[in-house]
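Per TrEMBL, the features are as follows:
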TRANSMEM  26-50  transmembrane segment
TRANSMEM  95-116  transmembrane segment
TRANSMEM  122-147  transmembrane segment
TRANSMEM  255-277  transmembrane segment
TRANSMEM  297-322  transmembrane segment
TRANSMEM  343-361  transmembrane segment
Amino acid sequence: MIIDTIKVQAINFFSRSESLKDVYGLIWLLIPIFTPVFGIIIGVLVIVWLERQIAAGVQQRIGPEYAGPFGILQALADGTKLLFKEDLLPSRGDISLFSIGPSIAVISILLSYSVIPFGYHLVLADLSIGVFLWIAISSIAPIGLLMSGYGSNNKYSFLGGLRAAAQSISYEIPLTLCVLSISLLSNSSSTVDIVEAQSKYGFWGWNLWRQPIGFTVFIISSLAECERLPFDLPEAEEELVAGYQTEYSGIKFGLFYVASYLNLLVSSLFVTVLYLGGWNLAIPYILIPKFFGINEIGGVFVTTIGIFITLAKAYLFLFIPITTRWTLPRLRMDQLLNLGWKFLLPISLGNLLLTTSSQLFSL
């Protein structure tokens, strides 16, 4: 039997090309998944570096400067150190709850990024209930903290988890009422529609001017949701020996701080989307292409400008929670709950009533 070598070579070439197509298809499938995750990780590292630099300026001391130029690699060095540290487990704790808790806190916050629009068509999931999906998903994170505190078999850790759950429930209600007011003004709960509704009048169309009370309540509630000073009662190290993460070490200990900074970034992005016009610039940027010698505005240019504007607004807003951390003292637990239930809840309800009344009279 004579085998035609040309046919064999053709078959081998065809099989190799098909396998290459499968590999390329898998790569193109993974790129949309890992690109946002990589961008979010870079954003968290920038926040850590920015917070250390601002804290150094507020306290008149030298910030990180040795790990890379201007200390930009310090956060990466800290993460690498935690990654290689020994992972200790409590001998009498619930190991399953102890291990799952940090993952639930991080994953629930990561899912919130799926409804954040960075441009007109640049959003992972443009849902009709986008803002309320964010609130529903973010409410899962305290469950992970409570599981971590309970699984540690430590009374201080468990008390920190209980404080986290109580604080989250107290401040989620005013936060939701503020978001509901924005939805009524925009006639939609989609994040893209909310940004588009603010683009009609430029700078003066931002919800910041139409909802100043809601904006203030939203900022305070988001600080409490992120457990930032003066609302860091769940991890008050002077009182609770660092709270629910007392028994953690290594990468699991680092996941709590990753979740904290992820939550801080997502809160800043939602402030940008809900109140600061999202990707829309306050002034028309139609003259920017002419300045650079570009005749027509392409999709890539508009998308790039939208991403830059969204991130610039979010990072400028981050100065508020960062400077607040080094300015205000911590509240007591009773003061924290009184502020949420006795002040912010009635104010947010009144704001919602005023918004509903104005929308009815405008019909």
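Heads up, the Cβ atoms here are built off N, Cα and C, so glycines get one too.
Sequence-distant contacts of the transmembrane segment (26-50) (same chain, six or more residues past either end, CB-CB distance under 8 Å): 64, 71-72, 74-76, 78-79, 110, 113, 124, 258, 261-262, 264-265, 311, 315, 318, 322. Beyond the ends of the transmembrane segment (95-116), by six or more residues, the same chain brings 36-37, 40, 89, 123-127, 130-131, 133-134, 137-138, 140-141, 143-152, 191, 247-248, 252, 255-256, 258-259, 262-263, 266, 269-270, 273 to within a C-beta distance below 8 angstroms of the stretch.
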